[in-house]
Amino acid sequence: MVLESTMVCVDNSEYMRNGDFLPTRLQAQQDAVNIVCHSKTRSNPENNVGLITLANDCEVLTTLTPDTGRILSKLHTVQPKGKITFCTGIRVAHLALKHRQGKNHKMRIIAFVGSPVEDNEKDLVKLAKRLKKEKVNVDIINFGEEEVNTEKLTAFVNTLNGKDGTGSHLVTVPPGPSLADALISSPILAGEGGAMLGLGASDFEFGVDPSADPELALALRVSMEEQRQRQEEEARRAAAASAAEAGIATTGTEDSDDALLKMTISQQEFGRTGLPDLSSMTEEEQIAYAMQMSLQGAEFGQAESADIDASSAMDTSEPAKEEDDYDVMQDPEFLQSVLENLPGVDPNNEAIRNAMGSLASQATKDGKKDKKEEDKK
């Protein structure tokens, strides 16, 4: 088995936001890096893998380590920003490989390029010659911007391979298919051993052989199960919300119908008593029932007469009250006292005195007339 130390260079430029690889270039790259890391560590437990970004000053996320979990945790913190500097990233990866612990390990760089390479072809060829001299192999996954980068990257890889034509690889992946699937079937992983060699993602569930990497297969299965449960929960909530909206009108109608039914029953129970079957009653029972009905009728009649007397008393009291008010208003002395208390009114005014005099004479005439009528009676 080959002992190898590998530095994985990931593209974290703004171009990785594009969705030509589902769901985005960045997430498709994460899946592919996951496969690369597990393939390298599975082929030989002593193999080491490191991680570096090509944008934002080419930051080394993890140094060489056999711990794939640490690498993947750092990988998922990468956010797209800026532009890549391909040559600088490859130089930093080469420097990290020089500090590997196992000096007998072969050196390899796997670079994911998903944005335009701005370095000119001359600089790329010069860098490739230096890496060939240092016996460093470079595999490049060219995706997303293959029309711009293919020519430059082909010259870079051909310079690395030299006359032998082996050791380094360039894999160009067109938009559409899964980046991870294309990588599995590519020559980059050929000869590394393990169950994933020569297999497509469709040969095993999630593209991983459970017997070769049970932990990864279990993690993928748990992730898919959680996603399925979330989707089912969202669908259940949406169905419940729509059912609740549709049931509001029906519930209101049922409630009103129930209330009407209860009201009808209560009216039937309390407002109207059922008539007894007289044919099934004895003569004594019929006499007792007749006496009871007559007593109820008498009570009802007394209540009605009391209501009538009360209403008639109210009617007779109202005219008497009106007559008392009229007599008070016709009293000259009362009016004179009222006028004296009103502000701005002069009781000695000639017009007011004439009006009061006519009112007094009218009251005298009415008094004499009432006296004559009483004498006649």
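Along the chain as shown, the residues are counted starting at 1.
Placed from the backbone N, Cα and C atoms, the Cβ positions cover glycine too.
Summarising the annotation, Swiss-Prot assigns compositional bias 'Basic and acidic residues' to 224-237, 365-377. Look at Swiss-Prot and you will find Lys122 tagged as SUMO2 cross-link, backed by a large-scale study or a structure entry. Among the features that Swiss-Prot reports, domain 'VWFA' is placed at 5-188. What Swiss-Prot lists as domain 'UIM 1' is 211-230. The domain 'UIM 2' annotation in Swiss-Prot covers 282-301, and the record cites sequence analysis as its basis. What Swiss-Prot records for Thr250, Thr253 is phosphothreonine, and it gives similarity to another entry as the kind of evidence. What Swiss-Prot lists as phosphoserine is Ser256, Ser266, Ser358, Ser361. Residues or ranges marked as region 'Interaction with UBQLN1' in Swiss-Prot (evidence: experimental evidence): 197-262. Swiss-Prot lists 216-220, 287-291 with the feature region 'Essential for ubiquitin-binding'. Taken from Swiss-Prot, the feature region 'Disordered' covers 224-255, 300-327, 341-377.
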Exercise for the section: Would you count the other CB atoms within 10 A of the CB of Ser358 (phosphoserine), including those on all shown protein chains? Expected result: 11
Completion exercise
Spacing of the two Cα atoms, Ser361 (phosphoserine) and the residue listed as 'SUMO2 cross-link', in whole angstrom, works out to 136
Exercise for the section: Across all the protein chains here, work out how many other Cβ atoms are within 10 Å of the Cβ of Ser361 (phosphoserine). Expected result: 11
Problem - Cβ neighbour count (within 10 Å, all chains shown) around Lys122 (SUMO2 cross-link) - result: 9
Completion exercise
Per DSSP, the compositional bias 'Basic and acidic residues' (224-237) contains 14 helix, 0 strand, 0 coil
Practice task
Work out how many Å separate Lys122 (SUMO2 cross-link) and Ser358 (phosphoserine) at their Cα atoms, rounded off.
Solution key: 132
